[in-house]
Amino acid sequence: MKALLILGLLLLSVAVQGKTFKRCELAKTLKNLGLAGYKGVSLANWMCLAKGESNYNTQAKNYNPGSKSTDYGIFQINSKWWCNDGKTPKAVNGCGVSCSALLKDDITQAVACAKKIVSQQGITAWVAWKNKCRNRDLTSYVKGCGV
């Protein structure tokens, strides 16, 4: 009985961790979801952004005390402007999506929201892109992935 309880807890912890993509797996997924070259942003730039924001982890979540908002998912999409978490004051929900949807292993909704953000504000909407990706050689993010 004790072994079943421990097994159950282990399985629960695995389920809560979410998916951390391998580099080439994410590159292929983002390409298949139409991000390669979307609004002039290369796949390598999207990969660098995802690495800098979440380390390719779909469950990444970071609270911002100043704005009382939270960043969600692989692209760290903010609850003040882009998604609804039910607790951020004066949230806009520009993507019309629940923030919990941005934490799913299936990143289709996260990509759709990222497309909306980049369409309206450009890739510079993400601080991690400005700090870690802009004006850098990003070829290593897609090298050897066959994309």
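Note: Cβ is positioned from N, Cα and C throughout, glycine not excepted.
Copied over from Swiss-Prot, here are the features:
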SIGNAL    1-18  signal peptide
DOMAIN    19-147  domain 'C-type lysozyme'
DISULFID  CYS24-CYS145  disulfide bond
DISULFID  CYS48-CYS133  disulfide bond
ACT_SITE  GLU53  active site
ACT_SITE  ASP71  active site
DISULFID  CYS83-CYS99  disulfide bond
DISULFID  CYS95-CYS113  disulfide bond
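Structural mapping of features recorded in Swiss-Prot.
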residue: CYS24; record: disulfide bond; Cβ contacts under 8 Å, 6 or more apart: GLY144, CYS145, GLY146, VAL147
residue: CYS48; record: disulfide bond; Cβ contacts under 8 Å, 6 or more apart: TRP129, LYS132, CYS133, ARG136, LEU138, TYR141
residue: GLU53; record: active site; Cβ contacts under 8 Å, 6 or more apart: ALA60, ASP71, ILE74, PHE75, GLN76, TRP126, ALA128
residue: CYS83; record: disulfide bond; Cβ contacts under 8 Å, 6 or more apart: TYR72, ILE77, ALA91, ASN93, CYS95, VAL97, SER98, CYS99, ALA101, LEU102, CYS113
Please compare the disulfide-bonded residues CYS95, CYS99, CYS113, CYS133, CYS145 by how many other CB atoms fall within 10 Å of each one's CB, and tell me which has the fewest.
CYS145
According to DSSP, which of helix, strand or coil covers CYS145 (disulfide bond)?
coil
What is the Cβ neighbour count of ASP71 (active site) at a 10 Å cut-off, with all protein chains included?
24
Looking only at the domain 'C-type lysozyme' (19-147), what is the model's average confidence as pLDDT?
98
